[in-house]
Amino acid sequence: MALSSTPRLPVLPLPFPLILLPTARLTVPISRELAERLQTILHDSDSSQPIVAAIPLPPPTDRSNTTNFPSPLGIRTAGPVHGTAARVVRLVPVRGLSAPVSPRPPYILSLHGLIRICLAQPLDSDSQVADSLSERPVHYPPADQAPSHEVAAAFKDAALRMLDRLAKDSMHSQRKDDWLRVSVIVEDVPDHRLPWMADVLVAAINCDYTDKFALLSTVTVEDRLRRATELFIKQTSISEVSHKIANAVDESLSRQQKEYFLRQQLAAIQRELQSLYTTGNAVPAGPPGSPGLKVGGSGSEPDDDEQADADDLADLKKKIEALEAGSEERRIGVREWRRLRRIPQGSVENGVIRTYLEWLTSLPWPSATRSPSANEERIQDSGFLAKARAQLDADHFGLDQVKRRLIEYLAVLRLRSMVEAASQASVSQQPMPQLAAKSAQCPDQNCARKGVKGPILLFVGPPGTGKTSLGQSIAKALGRPFQRISLGGVRDEAEIRGHRRTYVASGPGLIVQALRKAGRIDPVILLDEIDKVGQSNFHGDPAAALLEVLDPEQNHAFNDHYINVPVDLSRVLFICTSNTLDSVSAPLLDRCEVVELSGYTYDEKMHIARRYLLPKQLMANGLSESSLVLTDDALLRIATLYTREAGVRGLERALSTVARFKAVEWVNHLDSLACKERSNAVPKGWQSRVEGEDIERMLGVPRWDGEEREREEKIGVVYGLVVTGLGEGGIMPVESTAVPGTGRLKLTGSLGDVIKESGEIALSWVKAHAFDLGITASKGIDPLKVPDLIDIHLHLPAGAQKKDGPSAGVAMTCALVSLLTGVTTSRDMAMTGEITLRGRVTPVGGIKMKVLGAHRAKVLKIVLPWANKRDVEREVPLEVRQQMQFYFVQTIDEALEAAFGKGVLGWKREVMLMEGRL
């Protein structure tokens with residue numbers, strides 16, 4: 001028969017202060033009359049163990065006692081009466097061995113709590129009614145529902161802390177093992193079984209009658225778990241304070257200080273009182289005759305320093321005990337702590353060991369991040385990707401390819417988190433034998449700590465394109481702490497791996513320092529300017545030290561020389577920034593996923609200036625939005641004539657100059673208004689609107705206006721596309737001239753070996769096709785020797801800048817053809833591409849940067865290799881492609897026709913007739 005189907009139960013009152021909770025057992029002596037009544041019920045019942053309603057009695061009435069105890073029988077209340085449906089487990093008489101046998105001996109009754117019940121009607125306080133076991137109608141609460149995740153997590157955390165404290169305070173090893181076994185059960189119990197676990201734990205600990213009855217009378221699951229959580233926190237605090245006071249007394253007690261026992265105990269109690277009044281409230285003074293125990297801030301400074309030092313050591317010990325049992329970091333921490341206790345406090349070695357322990361315990365070890373965090377809840381939220389995309393769009397304009405790659409990573413992160421959550425839920429529902437088998441298959445502790453490995457992203461682009469701010473936006477979208485490490489000029493390997501403890505003033509490396517500042521195992525760490533890391537020297541190779549940091553297969557056990565304990569970096573999201581890839585080592589580049597930020601178009605710069613830069617400068621210079629209004633023409637003039645760059649730093653500086661200029665005018669206008677009040681002078685009018693013609697008055701002569709005027713159609717001069725050392729694209733003239741000489745080629749302009757070879761190949765191809773181009777009258781004639789001996793001087797301006805790379809072959813060939821044929825190219829045309837001796841045009845890199853640089857220079861026609869057509873369609877923005885004309889060529893012949901125009905060069909092509917015979 002189901003328990004809930006029993007509408008009436010015999011009522012058994014429990015004397016104060018006995019309370020029976022569900023799942024608990026209670027043994028209580030009863031009178032013979034009550035025992036006979038129970039035997040009658042047992043005889044009439046179909047079951048061998050009848051069920052009764054155990055109702056706790058209130059405390060005895062005492063008018064002098066003003067304590068308000070709850071009254072479960074309803075004698076003084078009109079509410080429902082709460083109790084427990086209990087099964088009668090045992091009923092035996094008690095017979096003493098030495099006492100004479102009584103004709104009416106008392107009985108011992110054992111009850112087992114089953115479920116909460118409620119009596120709708122109160123009982124009488126008559127003892128006869130209490131001994132009659134009269135049946136009363138009872139109501140059963142609804143079935144327990146699964147609590148919310150937050151309530152369940154708080155309950156488990158409080159229960160585990162209480163069980164850990166009970167285990168530490170247990171004097172017997174068997175009792176300690178029992179508490180530890182219970183803590184394991186609490187960790188693995190599913191959420192829907194937590195109400196049952198709350199009743200078990202509250203019944204097992206020593207707590208007040210009021211707390212137990214409050215839990216018994218709470219029907220709803222979440223309220224019951226909250227009450228149990230508060231009770232566990234209360235019990236843990238009481239135990240910790242008692243243990244701390246006892247330890248403080250025991251540690252300071254010695255054979256020579258026994259007479260100070262009471263003083264020491266009083267000092268420990270006063271220190272605990274002082275901790276309760278840290279907000280500045282005064283603490284009552286101690287009893288007379290206790291000098292030197294002032295806690296209100298008037299004590300001597302040496303005593304305060306000694307107490308602070310003792311508190312620091314106590315906190316350090318707690319942190320070591322909080323590390324995961326059996327882990328490497330805890331083993332090292334315990335060993336160093338024992339060494340610290342043996343070394344005198346004034347010793348130098350004592351300070352070294354203490355500093356090491358402070359670093360060791362301050363790192364976010366995986367054992368400290370087991371419980372689900374707010375970050376995991378944020379990732380599992382259904383709107384996580386939408387919020388991340390909105391965050392990236394709010395912080396950056398454009399950069400669609402970069403944002404798409406970041407959204408892909410965040411999507412993978414969310415899917416992996418959902419899969420892990422589902423697997424943990426399935427594991428928690430499996431029986432203990434299967435869990436033991438799985439733990440035997442995976443004995444490594446790191447097996448349970450595996451998370452989503454963060455990618456190693458390398459943002460490559462010119463300065464001012466938003467590489468660093470992208471890292472900050474990613475950290476905001478993920479809800480993780482952000483740390484930046486500047487690697488520019490780092491020349492010592494120890495700055496990455498840390499110094500060994502044998503050196504004076506040694507310390508951990510930059511990676512471990514960033515982890516300590518972040519305080520979490522999965523921060524976002526930005527390695528800025530990775531291309532400017534110092535080269536290998538007698539201090540070591542910092543770039544080689546970064547190989548372990550940026551290797552996803554090795555950084556789960558990163559070894560810092562100072563910590564000397566494997567540090568898990570696999571969950572860290574590393575983002576590297578670089579202006580160029582030329583100075584990054586090949587092994588380091590192989591570990592990174594390169595994401596190029598080529599620069600912004602004029603349209604993107606206009607939007608960025610409107611949305612971000614201009615409001616920022618207005619606020620920085622104390623202006624309102626109505627005080628400065630920039631027209632589109634003025635903003636376009638600033639972007640095109642004053643700040644021709646890939647990024648927006650120069651644009652921001654120019655806007656700052658304009659804002660300061662208008663700030664001066666605004667202050668003068670306000671002063672003129674003040675003078676107008678004192679005199680009849682008419683002040684000058686205020687113009688908040690800035691037109692295009694006003695820019696030169698504010699910023700001076702345009703920097704880039706002369707370049708377009710200097711570009712002209714001249715024989716022997718063509719324009720090539722280049723990428724500077726900072727990653728910016730642009731155009732560069734390739735100049736050639738003929739001078740009397742011996743038929744040689746002279747190359748100048750700080751050129752590298754590769755670009756010199758391109759010039760040699762271009763001249764060889766022109767010599768081989770001189771007759772076809774109409775340069776010579778017949779084949780086999782060297783155009784540099786016939787009709788006159790000449791030298792060709794090929795020059796690339798800006799000789800102070802180093803130039804190299806396989807992308808100038810087409811431009812050099814066109815320059816030589818223009819020089820020898822007298823045909824010129826258009827002033828608004830530029831080209832790039834490498835050539836071979838067979839006349840093929842091979843693809844080159846940096847297409848997007850070169851095209852954007854040509855667009856900034858107002859070039860309208862571009863000659864590109866055919867193989868780079870996909871790069872243009874995929875990377876170059878649509879508005880740029882619509883404003884420019886592209887010529888994709890496969891051979892040098894096609895490149896010459898595109899550069900000079902179709903039919904301009906008088907080609908002399910002979911058709912060779914070949915006779916074939918069988």
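Using N, Cα and C of the backbone, Cβ positions are placed for all residues, glycine too.
For Ser807, Lys850, the entry in TrEMBL reads active site. Annotated domain 'Lon N-terminal' per TrEMBL: 9-236, in sequence order. For 712-902, the entry in TrEMBL reads domain 'Lon proteolytic'. What TrEMBL records for 279-308 is region 'Disordered'.
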Pairwise Cα distance for Lys850 (active site)/Ser807 (active site) [Å, integer]: 11
Local confidence of the prediction over the domain 'Lon N-terminal' (9-236), expressed as mean pLDDT: 76
Surrounding CB atoms that lie within 10 Å of the CB of Ser807 (active site), all protein chains: 26
Cβ-Cβ neighbours of Lys850 (active site) (radius 10 Å): 28
